[in-house]
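Engineer: Have a look at the structure that comes next, please.
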Amino acid sequence: MAKPSPSPHKPRRKAKQAAVASGSFVASSFGPVETMTRVPTFPLAALLWPARGSVSQWELLPLILMTAGLFRWAAGLWGYSGFEKPPMFGDYEAQRHWMEITTHLPISQWYFHDLQWWGLDYPPLTAYHSWICGKIGSLINPAWFALFSSRGSHDPTLKIFMRATVVVSEYLVYIPAVVIFVRRYSRLSGVATWSASLALVAILMQPGTILIDHVHFQYNTVMLGFVVASMSSMLAGRDLWAAVFFVAALGFKQMALYYAFSVFAYLLGSCLFPRLRLSHLMAIATVTVISFAILILPLAVGTLADAKRGIDALPDIDGPRPPLPLFPWLADHLDTEGSTYLVVEQLVQMIHRIFPFARGLFEDKVANFWCALNVVIKIKRYPAALLQRAALLATLASIIPPNLVLFFRPRKDLLPLAFAATAWGFFLFSYQVHEKSVLLPLAPMTLLLAGSHGLSKTTRAWVGFANILGCWTMFPLLRRVDLSVPYAVLTLLWAYLLGLPPTSLGVYFHDGGNTWTQWATLFIHGGFYLLMLFWHVLVQFVVPPPDKPDLWVVANVGVGAAGFSLCYLWCLWRLMMQADILPRSWLARKDKVKAQ
Amino acid sequence: MGEIHPTLSQCALVTAALKILLFPAYKSTDFEVHRNWLAITNSLPLWEWYYEKTSEWTLDYPPFFAYFEWIMSQVAKLVDPAMLKVYNLDYDSWQTIYFQRFTVIITELLLVYALQMFVDSSHGASKRAAQAAAISILLSPGLLIIDHIHFQYNGCMYGMLIASLVLARQRATLLWSGLAFAALLCMKHIYLYLAPAYFVFLLRAYCLAPRSFFRIQLLNCVKLGAGILAIFGTAFGPFALKGQIPQILSRLFPFSRGLCHAYWAPNVWAMYSFLDRVLIVLAPRLGLPVKASALNSVTRGLVGDTSFAVLPDVTPRVCFALTLAFQAIPLARLFFRKTIAWEDFIGAVTLCGYASFLFGWHVHEKAVLLVIIPFSLIALKDRRYLGAFRPLAVAGHVSLFPLLFTPAEFPIKTVYTLFWLLLFLMVFDRLAPASTRPRFFLFDRFSTLYITVSIPLIVYCSLVHGIVFGKSYEFLPLMFTSSYSAIGVVGSWLGFMVVYFTS
């Protein structure tokens with residue numbers, strides 16, 4: 001398997017070299033806490049132990065990528081969301097359906113076609129991606145994406161094709177982005193190559209992304225990959241590319257907006273501090289606008305071309321066209337018969353589809369603040385407008401602190417923490433959050449493993465806690481289609497590799513450091529891990545009372561929201577510490593109080 | 001010196017995760033075979049086990065394996081009693097799948113234990129190499145493909161074999177080595193292929209005095225003989241009482257089957273068939289007679305009598321004679337050595353495996369593990385051993401690919417095998433010490449060239465052929481794969497023979 005099997009060998013030249021390598025690795029990545037480690041402290045380090053020293057990255061990297069691929073593909077052998085669950089099936093059908101409509105309908109009808117059956121509600125890059133996948137798939141078997149007749153298809157070969165599109169898309173976007181990010185970030189933080197390889201394995205084996213993309217079925221890693229590529233470009237000082245990649249991320253999945261404030265704060269901050277760089281700012285703005293233009297160009301040009309050929313975007317509607325959604329007043333300023341109007345209509349429809357303002361504060365049970373609050377007071381009683389405003393204010397209150405730090409200290413090493421804190425803020429407080437959105441804060445937080453002290457026990461404890469809690473809150477979603485086994489295997493494997501509970505308590509005990517903090521962390525994390533375990537026992541063996549059929553899910557939401565709030569606070573705290581933004585004296589005092 | 005990292009248990013844990021993820025993967029009819037045996041042993045009295053034939057997959061393993069199934073069926077009862085009904089053909093509820101797949105993973109712990117014995121029995125500089133070899137066996141793509149996807153219990157039985165081989169390392173445990181092997185024979189009779197090496201080795205090292213062939217160590221002979229009798233008595237005794245031995249033998253040794261199995265195992269007969277195919281085309285020009293009746297048999301690659309169109313037919317007797325002859329050569333050397341090193345014994349076991357795999361009647365491609373696994377234990381002895389091992393590692397594993405033909409498993413088998421080959425060829429290359437003797441011929445070049453050829457071959461067989469020819473000429477990729485692999489196995493065999501006789 002996997003990563004696992006790195007060579008149990010010591011290079012022939014080694015003796016001296018290995019000592020040097022492990023020495024530097026101790027100094028750079030583990031810090032004073034675990035000085036002079038001569039034995040691996042967690043199983044992942046043991047598995048890659050023989051690769052210390054003289055093994056080149058080019059020997060190790062292919063093995064790591066193959067391992068990651070094997071686990072992804074093997075996990076994909078299990079069922080997907082909505083498998084044999086008529087009438088609507090699930091996310092798998094949505095993605096397949098988009099391949100069906102993009103390959104068969106004129107581009108101007110994409111955002112209008114039969115919205116009741118998984119109407120397209122992602123930005124255009126997803127639509128283009130679906131078009132490419134659909135074209136390739138139709139070459140293999142046209143029936144997979146035949147208009148109408150293919151709905152709800154569960155052809156096993158189609159499943160293999162769909163799984164392959166996820167893996168290929170990920171290996172084209174997310175994986176190269178992560179590999180490059182880890183390399184740049186670890187160099188920036190002075191981390192040895194070997195430790196960086198450990199972090200790379202840990203990031204790629206993150207259970208959440210595998211479970212949602214390769215088992216449940218979605219293409220989140222493409223969007224996350226563009227975000228990581230954007231961060232990676234920031235690390236390399238290529239701010240223009242950062243803007244382009246971020247637009248691509250937004251263009252693939254609107255969820256990337258969770259990071260938008262941080263991208264904005266960093267790019268703006270780096271134009272203002274330490275010295276004003278107005279031309280740089282203008283360049284970034286221009287490139288961003290051009291990227292957006294290119295993103296929607298096919299849609300706009302396609303609409304005009306369709307209109308010229310007499311193809312109507314809404315062929316099913318006789319009589320007057322429905323008014324523009326969202327911005328009905330626009331129609332007063334435009335010639336509704338002109339071609340500009342068609343393009344505007346198209347774009348407004350797209351935005352309307354992407355941002356479902358009309359839906360409630362939250363839909364399903366999701367482990368964020370509002371859903372947890374709903375347990376205590378039935379907030380759905382309050383008017384929607386009030387709730388929307390409350391959500392907006394709470395979100396702003398939570399994301400302004402990390403972004404102010406990033407704005408005034410636009411330092412590269414702060415990026416993952418700031419991104420993570422901002423995304424946590426959005427996840428906890430914003431509108432229309434989905435349980436799968438937890439992948440967004442988890443991604444940058446997990447990238448911390450590649451940074452300085454990334455593999456130290458404290459960082460592993462917190463990054464691990466967030467990831468395992470995140471997977472746990474997605475369990476109700478996975479259980480609906482009998483995916484408990486891949487959930488258990490992938491989550492426990494990752495916990496084992498990184499030496500985390502429930503497989504080991506090692507991360508909570510180390511020599512040196514603040515004993516008080518260690519015990520407090522153990523107490524808090526241990527409490528959560530016990531709750532998670534207890535909850536699994538309940539779900540498995542106890543039927544909830546008949547008048548509260550959702551009791552277990554609600555409990556999951558409450559515990560999850562509390563844990564995620566801690567993760568938000570930890571990221572914010574680390575960010576402020578690392579940015580040296582707090583006065584020293586205050587910091588020393590606070591250190592004792594804070595359970596870190 | 002402390003533990004060498006990674007430890008076997010760490011690797012076993014991580015692979016177990018992958019193996020559990022593979023639960024829903026393709027499973028061959030062997031899954032139903034073993035389910036049927038669970039049902040037979042659980043629901044019928046002992047005397048009917050070897051007569052039951054409701055399912056076409058009758059019990060055709062020796063009694064210890066049947067006992068083994070019986071023990072597992074006691075647990076299976078608690079999981080899903082429906083799987084234990086003999087008439088419940090092709091039953092595969094998810095409980096049955098989880099249960100059967102889990103038993104493969106659990107019983108494989110025996111392999112992990114035996115490999116740990118092997119590492120612990122090595123000392124000094126070779127310990128690191130032993131650890132590498134042990135992990136390579138534990139992670140073997142052969143076992144992953146055959147046991148965890150295709151479905152069989154080889155991990156457990158190779159664990160017994162390795163335990164027995166390791167016990168042969170010390171004089172004090174020689175007896176136990178022999179007895180463990182006898183027990184293994186009563187589990188699965190395919191290990192009879194290796195029995196001549198055990199016979200000669202135990203005779204020389206245990207039953208005869210170290211200094212002279214003519215002084216018999218009587219006490220040892222009695223102990224060994226009594227032990228083996230006791231084991232065979234436990235296995236076959238109950239059936240012998242009822243006079244069922246002929247029936248069992250007819251189940252164990254179905255000589256009515258053809259020379260080549262469904263897919264061609266990469267052995268001499270695959271090359272022979274390939275040559276025959278080529279001669280069909282050339283025969284008119286060479287003026288050779290072609291038997292018309294044989295023209296269509298091999299091409300379909302189906303089980304049944306294989307007849308050759310141009311070359312003379314091969315009988316079981318010929319196969320048997322050739323196998324014994326090629327086993328006798330290394331065994332004679334083993335017998336007449338002044339002192340028998342453990343590596344000589346393992347080498348002899350490996351060469352017995354080679355001879356029976358290459359010349360045997362109706363050899364299954366899965367039997368290549370009989371060669372690869374013992375060889376792995378000594379492949380790191382020095383660079384000359386490694387040189388002979390490399391083409392075998394490539395050929396042996398590539399030849400297993402046709403076992404899995406479903407598209408979903410294609411990435412697993414290829415990527416996993418590639419992963420294993422890359423990792424271990426790299427690691428072995430760094431760990432194998434230089435030989436004290438000079439290199440003997442261009443074997444390194446041959447193996448590098450050979451390994452390179454595998455890439456276009458796999459691409460052709462798995463992708464290009466399907467695109468160009470579709471469903472027609474389906475025998476072509478199979479024939480290429482087995483002929484290619486046969487060249488590797490035969491080349492590696494010749495190479496290892498030379499190494500064995502010059503070391």
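Glycine too: its Cβ is placed from the backbone N, Cα and C atoms.
Note that the structure is predicted; figures quoted are calculated from it, not measured.
In case it helps, TrEMBL gives these features for our protein:
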- A:60-80: transmembrane segment (TRANSMEM)
- A:160-182: transmembrane segment (TRANSMEM)
- A:188-205: transmembrane segment (TRANSMEM)
- A:217-236: transmembrane segment (TRANSMEM)
- A:242-269: transmembrane segment (TRANSMEM)
- A:281-301: transmembrane segment (TRANSMEM)
- A:386-407: transmembrane segment (TRANSMEM)
- A:414-432: transmembrane segment (TRANSMEM)
- A:438-455: transmembrane segment (TRANSMEM)
- A:485-507: transmembrane segment (TRANSMEM)
- A:519-539: transmembrane segment (TRANSMEM)
- A:551-573: transmembrane segment (TRANSMEM)
Engineer: Among A:60-80, A:217-236, A:386-407, A:551-573, which stretch has the most Cβ pairs under 8 Å to the transmembrane segment (A:519-539)?
Structural biologist: A:551-573
Engineer: When each of A:160-182, A:188-205, A:281-301, A:438-455, A:551-573 is checked against the transmembrane segment (A:414-432) for Cβ pairs under 8 Å, which one has the most?
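Structural biologist: Comparing A:160-182, A:188-205, A:281-301, A:438-455, A:551-573: A:438-455 has the most Cβ pairs near the transmembrane segment (A:414-432).
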Engineer: Is the transmembrane segment (A:485-507) in contact with the transmembrane segment (A:160-182), using at least 3 Cβ pairs under 8 Å (sequence separation of 6 or more) as the test?
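Structural biologist: In this chain the transmembrane segment (A:160-182) does not contact the transmembrane segment (A:485-507) - fewer than 3 Cβ pairs sit under 8 Å.
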Engineer: Does the transmembrane segment (A:551-573) make contact with the transmembrane segment (A:438-455) through 3 or more Cβ pairs under 8 Å, each pair 6 or more apart in sequence?
Structural biologist: yes
Engineer: Test the contact criterion for the transmembrane segment (A:60-80) and the transmembrane segment (A:242-269): 3 or more CB pairs under 8 Å, pairs 6 or more apart in sequence, then answer yes or no.
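Structural biologist: The transmembrane segment (A:242-269) and the transmembrane segment (A:60-80): touching, no.
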Engineer: Flag the pair the transmembrane segment (A:485-507) / the transmembrane segment (A:188-205) as in contact if three or more Cβ pairs fall under 8 Å (sequence separation 6 or more).
Structural biologist: yes
